[in-house]
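Novice: Found this in TrEMBL, in case it helps:
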DOMAIN    19-310  domain 'ABC transmembrane type-1'
DOMAIN    342-577  domain 'ABC transporter'
TRANSMEM  18-39  transmembrane segment
TRANSMEM  64-85  transmembrane segment
TRANSMEM  142-162  transmembrane segment
TRANSMEM  168-189  transmembrane segment
TRANSMEM  249-269  transmembrane segment
TRANSMEM  289-308  transmembrane segment
Amino acid sequence: MKELQHLNRYFLKYKGRLIFGLVITIIARIFSLLTPKFVGDSVNVVEKYINGEITDLAIVEYELLINILIILGTTLLAAFFTFLMRQAIIVVSRHIEFDLKNEIFQQYERLSLSFYKQNRTGDLMNRISEDVNKVRMYAGPAIMYSTTTITLFIVVVSYMFYTAPILTLYAIAPLPILSVAVYKLSVIIHKRSTIVQQYLSKLTSYTQESFSGIAVIKAYGIESRTNSDFTDLARTSKEKNIDLAKVQALFFPLMMLLIGVSNLLVIYIGGNQFIDGKIDFGTIVEFLIYVNMLTWPVAIVGWVTSMVQQAEASQKRINEFLKEEPSIQNLVTEATPIQGKIDFKNLTFTYPDTNITALKNVSFSVNPGETLAIVGNTGSGKSTILELISRLYDVDESQLQIDNTNIRQLNLNDVRSSIGYVPQDAFLFSDSIKNNIKFGKENASDEEVIAAAKMASVHKNIKGFSKGYGTVLGERGITLSGGQKQRVSIARAIIKDPQILLFDDCLSAVDTETEEEILQNLQKISKNKTTIIVSHRISSAKNADKIIVLEEGEIIQQGTHTDLLSKEGYYKELYAKQLLEKEM
Ligand SMILES: Nc1ncnc2c1ncn2[C@@H]1O[C@H](COP(=O)(O)OP(=O)(O)OP(=O)(O)O)[C@@H](O)[C@H]1O
């Protein structure tokens, strides 16, 4: 139960509703317990009439009518309070589920990129849905059923003992066996359902990946292979489900068997006691009803135990992530406005998860108002430079400075909000184009959105769509071309109007004319900003104030376009090659 203590703060938050629920549960049970007593009384009245103890039929009819009305009344009240009980306790569990999901989601968002590299998306999703669901079963149904059982047991068993102690012992003897059996079954059910769950996760991940990569699957014509892989996975999943169904199938027969044994004992022992004149006939009827009333709650003890165990295991998995601290910490709380001067000082960086040294002794400096271009072969470390400036990873002491201060001594929120980052793979949300651009500035006006789109040379394309800026992208909307996506992503960075603009090879899918147009627009808007453009194309780099050439994480050349063309080396070769390609 240690892990589940995490929920105590939520129980405290909803204590009013919870206490109300518990009181109502007790009241509901007490009302439902009155029924058997009045059924027993009614049977006794009829018995007395048959025996001749009562001779007036009118008295019998009157007694029966009163009893029926009381039974009806208490049943209606019990039903009403049961309704209130579910309203109170189950609603609390839904509130806790909501709060817990939000807490986990907020924590996910706090965590750094490295966390996402180490954990699979399916696992993250499972913990926020499946695990939370199991925990909810503890916060709601487990608490509700436990209260019901305890109340029922205390009231019913004390009353039964008071009425007929020996008969009570016989009647409840099979119940502990039932409870233990249900518990054992629940443990097996739990084990098997965990396996079923794992297969479900695998199936979901496989399906999700197949649909995301459907273009590749179709292009390579491997539908039949993916089909058979899916069938194999689905077959194993089905087998695991059947294994589970087999144990679940035992549950009710076992309950019926033990109820049957209890009923037989009541009839046999009770019958004997009635013959001996120790109890009246009504008590046997009453006891039969009580035994049947007790069976389900007692079976539930086993079920609840296993439910709590599952919730504990799920909460443990949730806590693992909740306790995780982001590897990138914001160490500064006061505001640190950013001007945009960037200095790399002999910076060497190794990715912690792969041990790949992506940058070696890199030194350069860019001032506000300047544009730096980074060129180099693929895998040479260009994107890594941009990731470090965005502080997606940390570097050792003072190797990376912004405004002459170690980046770690700047407020992380200020650093991130001063950066407009256009990644290599433009990611657009399944939302309207307008909202995708406004992602960079939530309260932007329509005019600002249009101005940013114009700067990114994508306005004309958007106007061409029948729904213009309202066009929905993604799964249920249209698909933009690679170049259009890149430009919407650029507009998103421009609208933010940040101090630092980082473009990671984001003009690769646009034609050279549009590239030129965008670069000219960028020159206009980036007068006092620091701009870094990563590119494979000389055309994107040539107007930059400084150009650095990377090879295997090291700077092998640097200077202006003219400087670099005057020297033999990578840059000049690349220029010649691209010039040739253009002429061809
Ligand atoms: N998140 C990461 N975790 C571990 N290693 C990484 C990560 N990102 C990049 N690397 C490695 O670091 C090296 C530099 O990668 P980087 O993405 O910076 O190159 P790049 O010059 O931007 O390449 P490209 O032009 O293909 O985008 C590569 O060897 C790459 O495998």
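Glycine residues also receive a Cβ, built from the backbone N, Cα and C atoms like all the rest.
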Novice: Considering only the recorded stretches 18-39, 64-85, 168-189, 249-269, 289-308, state which has the highest number of Cβ pairs under 8 Å to the transmembrane segment (142-162).
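Specialist: By the under-8 Å Cβ criterion, the transmembrane segment (142-162) pairs most with 289-308.
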Novice: Who are the chain neighbours of the transmembrane segment (168-189) in space, where the CB to CB distance is under 8 Å and they lie at least 6 residues beyond its ends?
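Specialist: Same-chain residues near the transmembrane segment (168-189) but 6 or more away: 157, 160-161, 244, 247-248, 250-251, 254-255, 258, 261-262, 265-266, 269, 287, 290-291, 294-295, 298-303, 305-307, 309.
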Novice: Is the transmembrane segment (289-308) packed against any residues at least 6 beyond its ends, judged by a Cβ distance under 8 Å, and which are they?
Specialist: 1, 4, 32-33, 35-36, 39, 134, 137-138, 141-142, 145-146, 148-149, 152-153, 156-157, 159-160, 171-172, 175-176, 178-187, 189-190, 255, 258-259, 262-263, 266
